[in-house]
Amino acid sequence: GLEPLAWSEDHRVSVSTARSIAVLEQLSDVHSGGQDMVIHRTAVPAPGAACMLKVGPKKEVAECKEKFASSVDPTVSQTFMLDRVFNPEGKSLTPMRGFKYSSWSPLGCDANGRCLLAALTMDNRLTIHANLNRLQWVQLVDLTELYGERLFEASYKLCKADTPCGELGDFPEFQRRHSMQTPVRMEWSGICTTQQVKHNNECRDVGSVLLAVLFENGNIAVWQFQLPFLGKESITSCNTIESGISSPSVLSWWEYEHNNRKMSGLIVGSAYGPVKIIPVNLKAVKGYFTLRQPVVLWQEMDQLPVHSIKCIPLYHPYQKCSCSLVVAARGPYVFWCLLLISKAGLNVHNSHVTGLHSLPIVSMTADKQNGTVYTCSSDGKVRQLIPIFTDVALKFEHQLIKLSEVFGSVRTHGIAVSPCGAYLAVITTEGMANGLHPVNKNYQVQFVTLKTFEEAAAQLLESSVQNLFRQVDLTDLVRWKILKDKHIPQFLQEALDKKIESCGSTYFWRFKLFLLRILNQSMQKAPSEVTWRPSHEDAKILISDSPGMGSTEDDQEEGTSKQASKQSLGDTGKGVDIDEAAEDSLHQSSDTGGREPMVEKLLEIQAQIEAVEMHLTREHMKRVLGEVYLHTWITENTSIPTRGVCDFLMSDDGYDDRTARVLIGHILKKMNKQTFPEHCSLCKEILPFTDRKQAVCSNGHIWLRCFLTYQSCQSLVYRRCLLHDSIARHPTPEDPEWIKRLLQGPCTFCDSPVF
């Protein structure tokens, strides 16, 4: 496709290929001691059957195709036979299999609160997919099919006032019906809020998202979806807008906020050169406004096709207001346009940046946090453009990133920047060697760091997002540094302690937990064998060889020699658990009268991890108790072990939190000496609340506890957080809304979503 790479807000890179969309998910894994990037790979397979656009009844369409294919007029027969929109199955031609474009929705659109993937195949099928059960992608809806049915019901007229359409047997009409439903690009808007009226006339805010689809004839279909998007039933509306642009090539949303009023529009670019903003009427969307008429950003028909458009919201330091920077790749140039609203109205400044590339720009991406734009041409050169505001408008400082210095001679086919600007993903193939092109092309996705560890750490400390999962690219750089140096830098430790003392936000506690876990992993010995490979050792042992019977001198000598070889190899060796290592070292060093320094350090780090986890658990318990107090009547059983949580919070004499004591006092007064204990579903015995992670009845039945509500998960099916930190139960129909809202939350330790 034209833009084969896209990077989502939840740190997944989609790569459009001929067989599938490969999805590479970046994880900042706290359970791995390796310094490499951790990437989980899944795929959205290409559909097996070709997509046939609905232009009329099947029998009539088949007759028309037969007629056009055998027409004596070569302008009709050859045009029909060679147009792959009319003949997606190909017959004698190569099949149109694969994907040409993909687009990620904002965070929070699917049932798990993550991003949806809109995919456009080579044969013009537009579908929406979701990754609901972690490893498998599910197609939720086929928008091409739905839009074709809408047009068929409306007799292929956009509005009732349109003139009656011609007969399908006329070739121009046959072409028109295809071009009005052939997608060129699609883009998601930001999440907006709509008001829904209940049966009792109360209004509640419901999240929704818009998907704009640009068609070959210049029309734009704007689909509105209610969140979370579950499928066809979540489609609220579909409106078609006429852009008036001939030969459209690219699309982007323009979203602008001025004095707490949100404005929106659609930026459309043409293969002939013009760029303009089309108004979008969003009457049903709360707090949204649109333009009164289209705004032309570039009107010259200079035959420089608009390849890519990015819209970046920025703050103007001189005008003291928000503004929009629109950048578009046009041939080897970058067209830019600065839009800001003042008392005089909408101000538009535009120009071109020249001298960037000697070849046309094949891909462009933008870091929306600081406005940096990256462009690349096929010769392996990437340009970084940094906008600098002036009194009047702005200028760009640009510098060259030579990928040949990193990867050798390569050709580039697409780039994408990570959400926080820490990484640049690049699709490369082999370049020329000794003046000759390579015989075979091997496409690879390369990752290049754009920030230093110090910059990533500073950005995490000053983050306005305060969510580790949404900043995985930054935490990955921090993870790499700690694993490499085997210690937390002093400046980061001190700055984090100051943040915790000054504001006490749980975000900084979670950040501290992340650093300690990575430090703990850096101290562990790497396993000498691959962990997934089955061992061929005999599981049966003689009684004399069992650990309880002691060991022979030969065994001891073999053990010491193994230990010496592990120390000499450094990173190699067998991984052991901390507690086991501590116990072994205690036995080994009992004669010498002291523990090894490494085990001392490991035990100290483990104690700190336990302390931070306990602090985060108590803070979340306070939040759960607050919800219980607000949403329950006197002597009502909430199904949450309220008394157990209260007793657990107050069981530690060293924990003195006035807020918790006051809250618990109010709740106990409301409960009126009732306990409402949980019971084991197997033996009906009481499940005491003695551990935050599990519940054990008197008969020894063990149930894991939900970390979001602290209820025992007494079923075989439950959810788990992305990094396998904790488990959570599924919501049930009997749960009240406030419990369902609690169960939608992320992991309290790592901010990851729960599957």
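Glycine is no exception: its Cβ is also placed from the backbone N, Cα and C atoms.
Copied from TrEMBL, the annotated features are:
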type     : residues : note
DOMAIN   : 7-451    : domain 'Transcription factor IIIC 90kDa subunit N-terminal'
DOMAIN   : 452-529  : domain 'DUF5921'
REGION   : 542-576  : region 'Disordered'
COMPBIAS : 561-570  : compositional bias 'Polar residues'
DOMAIN   : 672-722  : domain 'Transcription factor IIIC putative zinc-finger'
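Each residue in the domain 'DUF5921' (452-529) gets a DSSP state, and the totals come to 57 helix, 0 strand, 21 coil. When pLDDT is averaged over the domain 'Transcription factor IIIC putative zinc-finger' (672-722), the result is 90. According to DSSP, the secondary structure content of the domain 'Transcription factor IIIC putative zinc-finger' (672-722) in residues is 0 helix, 15 strand, 36 coil.
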